[in-house]
């Protein structure tokens, strides 16, 4: 981390900072939960409303933007149940909603395609006047001076940001816990994790307290919580959406760039906000982005071409006329090894210095993360980069050369997201299914594939001989009773900059 405020010394005991930050957040929530103002929309359920339905209600004046935002601020009772929020901006949200209603009254139309749509963003996204802490105590009470470009774009489109959501200490873990904001729990069972690192977003969406969430993904941080909560989540290729104004741990590393992406309860919402964000031409304000516009129609043929898939969906896919071929995963272990080398390249210095600046303890998983290895030399780093490029080329060539029995090329891959459903807090250990596509920088979308069957004990699972310690750990986690009925998500993976293509593959007529 390079800016002075990242290393600001906290002179108060860290516990006092935590108490003050949480009290400020809770007061801002309670102000609205205790409001005795009644609106017609109080009786409207927004849990299943998508953007098109909501904007139609707004356009027909069956509900106002103020009513919608008021209803969703009330819905943030989700915080009381799951501890999913960090920063609260209900007052600003209601002020913006009032302006939207006034615009509609004056002009007879909505301000934009996201007019009045309640949105939450992960704690990393800068919003003027609010902290972006990354779960670090030292970053508390250091408000951002301006909105991140993506936040600016969302507001111009009419969206209303209502809150920021929790993440793990440093963001570098697949659960959601930190000493500053505390532990976020799964909406359906407080003993379980909602995943991470965008776990606060997932909890808000599952509880219907937000319609669109925005997260980040450097190893599965969008896809894992979506898998555990029955949601849709897109990890674009890095450089498709702007990361400018989004705080991040390990700032300055370019070997595995983190990606910004949306999370939603429906595919239609996910595709719409991705399209709108790209059509806003983010490269005009972020020099790190290539000018790749949204390409409607370029991948329409995808829906009639073969899919490379596995396991449970094979029968459905074949019945729908798709060719099913087995994918070669032999490169995956090397990709994971390279990723792990990058994660520990600085010997944990970045995270260690950020935690020591605040004085708080490490959560156990991050303590283990920073102790994974010693810092490497510049020469060793170059060798790691050479390995990355070589494996990217090998994977590219393998994809190009793979053919179906009728000699058709592969469109996309169907891949697991995690080796288990939502599990007890502190149990997640392996993210290999997701992070391989961060190193490859491929587009990956997690979608709700169903729920684990209830009361079925698959004896063959216990006959499996674990390949290593982590495999044995995951096997011990398996419980057919507690995992029954839990959400299961799978990944559809395309190649670089195929954000338009991946959603098309998931149209109901194509797979389900």
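Along the chain as shown, residues are numbered 1 onward.
Every residue, even glycine, has its Cβ placed from backbone N, Cα and C.
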* Which residue of 197, 242, 266 does Swiss-Prot report at the same substrate site as 218, 219, 220, 221? -> 197
* Structure fact -> Neighbours of residue 122 (active site, charge relay system) among recorded positions 218, 219, 221 (C-alpha cutoff 10 angstroms), in sequence order, are none
* Let me know how many other Cβ atoms fall within 10 Å of the Cβ of residue 221 (active site, acyl-ester intermediate). => 35
* For the binding-site residues 219, 220, which one has its C-beta crowded by the most other C-beta atoms within 10 angstroms? -> 220
* To do: Out of 218, 219, 220, 221, point to the one nearest residue 197 (active site, charge relay system) in space (Cα versus Cα); all of them are recorded positions in the record.
  => 221
* Structure fact -> Ranked by how many other Cβ atoms lie within 10 Å of their Cβ, the recorded positions 122, 197, 218 are led by 197
